[in-house]
Amino acid sequence: MPRLEGSMVAIVTPMKDGAVDLRALRELTEWQIAEGTDGIVPCGTTGEGATLTAAERAEVIRAVVEVARGRALVVAGAGSNATHEAIEGVKAAKALGADAALVVTPYYNKPTPEGLYRHYTAIWEATRFPVVAYNVPGRTAVDMGPDTVARLAKAGAIVGIKEATASMDRQVQLVERIGKDAIAYLSGDDFTVVPYIACGGHGVISVISNIAPRAMKDLVVAARLGDFARALDLQVRMAELNRVMFVETSPGPVKAAVALLGRAGPELRLPLAPVSEASLSKVREAMTRFGLKLA
């Protein structure tokens, strides 16, 4: 099983004139690796995976895998609210050379705990590929609780969980039920990386790493080494920047920020709309105060 730990980036999908900008994506991936990022996570929430076609997702994953060349893990977004589509997505990630697949809980149709269990076990049985479950109830309208996660872990259906509830009690419950190192525990909230790691987490799948990869890597390293004084200093320093990444629906603000760095365009795919001028101003000001060099 790949070592799912450290600072991973939920990488944006650059777009130009309505199409995926593979050149910019390759350059972003190379920059992330040069800055010390441990894993690249394409086609997730931040990568607008839900509005990419299957062919586009394949293009994105292939490009990231080709650039990474084993220098960073690739955990490819492959979820769907239809189990048969999620299976095909995971099969594609496997065939394209990803190290694991990130599979969000089924959104909109609100499955029961039993439905969630059957969803992930069906994926595992059909693919035999490492799956990181992704629990983000604010996006999906379903919360996969600790009992279901533990049941899946014990069945071998998942190798990790990206937990985006910002609940430390939830993380402690997961460790209590599953064990500290039985699966990978990855934070899905940049705001809570320090306490999450203190509660047994192994790392983060980060939005802010798209614009400040070295800072997030330093924070994760400090926390994992137990230097919580330094880690907290870094977390506090990043707080304003973290907040403005969600001043409007993500990934709008972070794509705007990537554009302000001159690394890719800010284009989003509908129904997401460009951030307002007021929000863009807040993003620019926070980046400047943080010390990022704008293009």
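For all residues, glycine too, the Cβ spot is worked out from N, Cα and C.
The site 'Part of a proton relay during catalysis' annotation in Swiss-Prot covers Thr45 (among others). Its Cβ taken as reference, Thr45 (site 'Part of a proton relay during catalysis') is surrounded by 24 other Cβ atoms within 10 Å in the chains shown.
The pyruvate binding site annotation in Swiss-Prot covers Thr46, Ile205, and the record cites sequence analysis as its basis. Within the same chain, the residues at least 6 positions away from Ile205 (pyruvate binding site) whose Cβ sits under 8 Å from its Cβ are Met8, Val9, Ala10, Gly39, Val41, Gly44, Val75, Leu102, Lys162, Leu186, Ser187, Gly188, listed in sequence order.
Long-range neighbours of Tyr108 (site 'Part of a proton relay during catalysis') (same chain, six or more residues apart, CB within less than 8 Å of its CB): Asn81, Thr140, Ala141. The feature site 'Part of a proton relay during catalysis' is assigned by Swiss-Prot to Tyr108 (among others), with sequence analysis given as support.
The feature active site, proton donor/acceptor is assigned by Swiss-Prot to Tyr134. Tyr134 (active site, proton donor/acceptor) carries a strand DSSP state (E or B).
According to DSSP, Lys162 (active site, schiff-base intermediate with substrate) is assigned to a strand segment. What Swiss-Prot records for Lys162 is active site, schiff-base intermediate with substrate.
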Worksheet item: In angstrom units, rounded to an integer, how far apart are the Cα atoms of Thr46 (pyruvate binding site) and Tyr134 (active site, proton donor/acceptor)?
Response: 13
Practice prompt. Could you list the residues of the same chain, at least six apart in sequence, whose Cβ is under 8 A from the Cβ of Tyr134 (active site, proton donor/acceptor)?
Written response: Gly44, Gly79, Leu102, Val103, Val104, Thr105, Ile161, Lys162, Ala164, Gly188
Fill in: Thr46 (pyruvate binding site): secondary structure state under DSSP, collapsed to three categories
coil
